[in-house]
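Look at Swiss-Prot and you will find 1-22 tagged as signal peptide. Look at Swiss-Prot and you will find 52-67, 59-70, 66-75 tagged as disulfide bond, backed by similarity to another entry.
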């Protein structure tokens, strides 16, 4: 009985936490569809088209775009 109550409380807590920390609960699916439509019209806007940097190329520590890791401003 205690375990069941604890599980119910945990599920309720996690559900409330999910709703409280959601980015945008209003029209969330609509925004996703608009973004997908924009990416279909403009393929360059898609994140799938971004090229990762090969080993030895210069990278940025804060926004690394390496295929592997960014170590001391160079891709590894």
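Here the Cβ of each residue, glycine as well, is placed from N, Cα and C on the backbone.
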As a test of the contact definition, list every same-chain residue at least 6 positions from residue 67 (disulfide bond) whose Cβ is closer than 8 Å to its Cβ.
52, 53, 54, 55, 75
Using a 10 Å cut-off on CB atoms, tell me which of the disulfide-bonded residues 52, 59, 66, 70, 75 is the least crowded.
52
Quick note, residue 59 (disulfide bond) and residue 66 (disulfide bond): C-alpha atoms separated, nearest Å, by 7
